[in-house]
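Annotated features in TrEMBL:
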REGION    B:1-22  region 'Disordered'
DOMAIN    B:64-373  domain 'AB hydrolase-1'
ACT_SITE  B:Ser169  active site, nucleophile
BINDING   B:Arg239, B:Asp369  substrate binding site
ACT_SITE  B:Asp335  active site
ACT_SITE  B:His368  active site
Amino acid sequence: MSVQEVLPLGGVATGQSGDFRADHRLVAEMVKPGSKVLDVGCGEGDLLQLLENRGIDGRGIELSREGVNRCVAKGLAVVQGDADTDLVNYPDDAFDYVILSQTLQATRQPRVVLENLLRIGRRAIVSFPNFGFWKMRLQLLIGGHMPRTENLPATWYDTANIHFCTIKDFVELCDEINVKMERSVALDLYGRPVPLNLPWWVWNMFGEQAVFLLSRGSGK
Amino acid sequence: MGDVKSIPSPAISADERSHEVDHPSSQIAHFGAEQPLRLDCGVDLTPFQIAYQTYGELNADRSNAVLICHALTGDQHVANVHPVTGKPGWWETLVGPGRPIDPKHYFIICSNVIGGCMGSTGPASINPATGKVWGLEFPVITIPDMVRAQAMLIDRLGIDTLFAVVGGSMGGMQVLQWTAAYPGRVFSALAIACATRHSAQNIAFHELGRQAVMADPDWRGGGYADQGIHPHRGLAVARMAAHITYLSDAALHRKFGRRMQDRELPTFSFDADFQVESYLRYQGSSFVERFDANSYLYLTRAMDYFDIAADHGGVLAKAYADIKTRFCVVSFTSDWLFPTSESRALVHALNASSARVSFAEIETDRGHDAFLLDVPEFLDISRAFLQSAGKARGLKDG
């Protein structure tokens, strides 16, 4: 992976304004209207709600019973399930997009999950917190303890997040399993995209989180 | 068993009950020789009738009809005082003014199933060919037969597409059958505490109940009705056994524990010393007042035979290929009759068919019966699901 392969991203809303999270708005903009979407680990359905508002046919899977029940109560089509074990039950090409928003780091087998995403969906959108973010590095380097941030407040011993990675790590995984990166965006501490003309290491350093639009590679 | 002292005789005479069997105090749809009901067993049932209740008004474009499917021992009196027991409707938590299924918004229909004993043709009805009660001469019916009859009723009411089909337990099986058999006629489906097939354990419990009925000397080979008697002891035992499966250990323990009934010390007899015994005996005896023993045999059998996948080459997803119906599947954590795993299998199949499906498991210790009780989380989800489906259907205030 090199930065040249990253296609330009146009018209992304910046900052934290509005009712929806910056990364959710970014994800929603990557989805073509009228398509069919599966949101894996959809939480309380905020992203699904945003997608439905845009006329996108959205479905969700969520592990927590409370999350599912809140989604259903919002009228969203969400089922209780586990990304690690339940994705195998979905047929090939069932969706136009499969979204994994801030969930990759909580899966037991990120690689298998990623492969499943691109089997079920023609495209996948993956967002995750970047463990290469400068604040994370600083907490480990200077503070000498496992990093905690506003978005990831849990301590190391009671976190559901078991597979952290950096933007660089993720890009390497995509290369390894022959996944094509159609678009990629790093968002800084304020939810603003890190400028594209900056070198790749800057993304890895200053992106607090990253969002990738992926599609199946051309074959190994 | 068989001690008259321990299980009281029914308070209502066989005559009074049999009046509701053929002349129910609800609406009736008659189907004559020109419209036979083609049963899965190969018999054409004709003539026959369906007893049903409606609540609310059908809107101008006939798009707000909700069909409620009742469970094994339910009937059409879903949200009104029951004519035999004088008790409130069996689903007043879900159906009624201010409830998730409100007659203000929906035209609500609930029919007594074929094979029942509250006005729809069943084994307790008079066989027009002989002038005697059908009894075991009545053909064996299935869940698809019940649904086929309901579809004829819905046709008769001039409704093309139902806004929603809703049911729990055996009613949930009917919901699943409706969507498999008439996918284009069901806009949304709420299937609660049910499965696409009856499990071996559930068939075993039903067999226990049937054997209890048939072991009662008053059953008389199923011909009791013409002799003016009713095998109420056997039926009460069947109901007691079934009732245990509707609850959970936790619910029974919370409700009764090992507390004694009206006494401090055991009597060292087989009287109902424990509250739980006395409760079960009451459940059994009140049930026989309103239910026909042969009907119990037929309806349990219908559930046993139910297996949607088997009707579709063993592949459940095929039953729902390309279905447009919006589904909501609900299970309860302490339901051991229809455990969550059964609902999950259904949801996987619906996902594979790329159906629009929601699935929620409700945390409760109240067992299978939870769907009939005031469980706020369940009622909230039902309301939200129907409201969102109503929005998609273009219903006002749905």
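Cβ atoms are placed via backbone N, Cα and C, with glycine included.
B:His368 (active site): 25 other CB atoms within 10 A of its CB, across all protein chains. For the recorded positions B:Asp335, B:Asp369, the ranking by surrounding Cβ atoms (within 10 Å, all protein chains) places B:Asp335 first. Across the domain 'AB hydrolase-1' (B:64-373), the model assigns an average pLDDT of 95. Checking the recorded positions (B:Arg239, B:His368, B:Asp369) against B:Asp335 (active site) with a 10 Å Cα-Cα cut-off leaves B:His368, B:Asp369.
A 10 Å cutoff on Cβ-Cβ distances gives the residue listed as 'active site, nucleophile' a total of 26 other Cβ atoms nearby, all chains included. If you take the Cα of B:Arg239 (substrate binding site) and the Cα of B:His368 (active site), they are about 15 angstrom apart, rounded to a whole number. Other C-beta atoms found within 10 angstroms of the C-beta of B:Arg239 (substrate binding site) number 24, with every protein chain shown included.
Spacing of B:Asp369 (substrate binding site) relative to the residue listed as 'active site, nucleophile' is 9 Å (Cα to Cα, whole number). Between the CA atoms of B:Ser169 (active site, nucleophile) and B:His368 (active site) there is a gap of 8 Å. When secondary structure is read from DSSP and collapsed to three states, B:His368 (active site) falls in the helix class.
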